[in-house]
Amino acid sequence: MPVPASWPHPPGPFLLLTLLLGLTEVAGEEELQMIQPEKLLLVTVGKTATLHCTVTSLLPVGPVLWFRGVGPGRELIYNQKEGHFPRVTTVSDLTKRNNMDFSIRISSITPADVGTYYCVKFRKGSPENVEFKSGPGTEMALGAKPSAPVVLGPAARTTPEHTVSFTCESHGFSPRDITLKWFKNGNELSDFQTNVDPTGQSVAYSIRSTARVVLDPWDVRSQVICEVAHVTLQGDPLRGTANLSEAIRVPPTLEVTQQPMRVGNQVNVTCQVRKFYPQSLQLTWSENGNVCQRETASTLTENKDGTYNWTSWFLVNISDQRDDVVLTCQVKHDGQLAVSKRLALEVTVHQKDQSSDATPGPASSLTALLLIAVLLGPIYVPWKQKT
């Protein structure tokens with residue numbers, strides 16, 4: 001503040017002190033900062049919440065008040081000089097001369113207490129104090145952890161190359177901000193939609209997300225993971241999983257082959273059912289359209305990708321077979337329509353000769369008896385007449 005040139009004499013000590021105090025107050029006002037370190041404060045119903053506020057200067061002279069909200073409709077939360085605030089106490093002693101801590105505690109928190117709180121500095125005035133500076137505000141929100149995510153897959157199985165939907169739900173969290181991600185075998189998915197309800201203010205929120213996944217033939221051992229991250233969680237996010245083995249059906253492939261003749265008049269025919277899932281499978285043999293009950297043996301093996309192979313052996317007696325024998329291997333998998341594979345039996349002349357030389361059947365035995373009767377008949381009759 002410059003000294004007017006019209007003054008005939010230098011100012012006295014009292015005037016200099018007044019000018020110095022004025023300059024100090026202006027500098028203090030310019031340096032004043034209202035510090036509210038927490039942008040978000042998560043609280044629990046029934047507990048006590050502490051709202052921090054410190055100042056960097058005691059100037060200008062005047063009180064510090066607490067409000068919830070801004071504008072004309074803001075709510076007065078605490079005033080040291082006036083009003084009755086039974087649930088609010090100060091952290092420090094505000095009566096101390098050099099106190100710069102105006103933090104408060106609010107006890108018995110209820111859902112109605114959520115909102116943004118501001119500590120505001122007023123300049124002392126007459127007849128009323130004038131608002132001078134406000135802190136940035138601290139949002140108080142009810143902190144509630146989300147429930148463990150639950151992942152649900154499709155109601156029915158689907159074959160590879162088709163798209164299926166998985167849903168993920170989590171409930172009861174607060175505040176509303178939450179992050180949800182989808183993964184398949186560790187790879188993040190992008191085809192999903194997420195909704196958080198309700199859209200307005202609430203005590204607790206729920207999230208629901210639906211992801212679309214294209215099934216691959218090797219997905220029997222695959223997993224989808226729903227990952228939820230929230231400010232109330234300490235450490236890793238929450239995860240829910242679903243196995244694609246519950247959603248996929250891999251249809252089998254069939255192959256019927258005729259093996260070299262094993263013993264005598266028997267031909268071994270093999271039906272190989274490959275790469276199917278799930279395990280439930282029914283296999284039947286038919287010969288020229290007639291269902292056969294006999295089956296020599298069968299084996300079930302599991303592949304590395306989780307699918308299965310089934311091998312069935314069927315023995316055919318060719319000693320009295322015609323040349324037009326057709327064998328059919330029919331498979332009904334997981335309640336689906338049956339699929340089948342046919343094989344026309346090939347019997348060579350050599351195999352027929354082997355079968356006829358192997359073991360005499362009823363017809364050949366009867367022929368031998370008739371020949372013996374014809375040869376021995378004339379001998380038997382004279383011998384009978386002599387006697």
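Heads up, the Cβ atoms here are built off N, Cα and C, so glycines get one too.
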Of the candidates Cys168, Cys271, the one sharing a disulfide with Cys226 in Swiss-Prot: Cys168
Of the candidates Cys292, Cys329, the one sharing a disulfide with Cys271 in Swiss-Prot: Cys329
For the domain 'Ig-like C1-type 1' (146-245), the number of residues DSSP places in helix, strand and coil: 5 helix, 53 strand, 42 coil
Cα proximity to Asn243 (N-linked glycosylation site), best match among recorded positions Cys53, Cys119, Cys271, Asn309: Asn309
Distance from Cys119 (disulfide bond) back to Asn309 (N-linked glycosylation site), taken between C-alpha atoms, in Å: 73
Surrounding CB atoms that lie within 10 Å of the CB of Cys226 (disulfide bond), all protein chains: 27
For Asn268 (N-linked glycosylation site), the number of other Cβ atoms found within 10 Å of its own Cβ: 16
Between Cys271 (disulfide bond) and Cys119 (disulfide bond): CA-CA distance (Å): 83
